[in-house]
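Record features, source Swiss-Prot:
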TRANSMEM  10-30  transmembrane segment
TRANSMEM  64-84  transmembrane segment
TRANSMEM  89-109  transmembrane segment
Amino acid sequence: MFLLTGYEYFLGFLLIAAAVPILALVTNLIVAPKGRTGERKLTYESGMEPIGGAWIQFNIRYYMFALVFVIFDVETVFLYPWAVAFNRLGLLAFIEALIFIAILVIALAYAWRKGALEWS
C-alpha cells in the first residue's frame, strides 16, 4: 500500500492544482467554437442592439471607492479569524489587532481628508 506523508501530500495537491486549470484550458481550446464573425463580435446588452461604443471613460471616483472597499474588505478577511479565536490568543494578539486596526483607521482618515470618500 502506498502511503503519503508530509511533503508528498503537498506535492500531490500542487500537481492537482496545476493540472486542473491546464485541463480546463485545453478542453476549452478543443470544444470552443473557432471563429467569431458577424453578430458574434457584438457585445451583449440584454438582448438589445448595442448603443454606442464599448470603450467609455468612467469617473476616477469609482476607482477610489473600489480601492477603499477592497482595503477594508481585506481588513475583514484578516480580522474574522482573529475574532473567532479571540479567547485563545491572549493579550499580545489583542494588542497586535489594535495596532492593525489603528493603521487602517489612519488610512481611512487620510482617504477622508484627501476627499476620496466625497462625491461632488
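Note: Cβ is positioned from N, Cα and C throughout, glycine not excepted.
Within the same chain, residues 68, 71-72, 75, 78-79, 82 sit at least 6 positions outside the transmembrane segment (89-109) and bring their C-beta atoms closer than 8 Å to a C-beta of that stretch. Outside the transmembrane segment (64-84) by six or more residues, the chain places 93, 97, 100-101, 104, 107-108, 111, 116-117 with a CB less than 8 A from a CB of the stretch.
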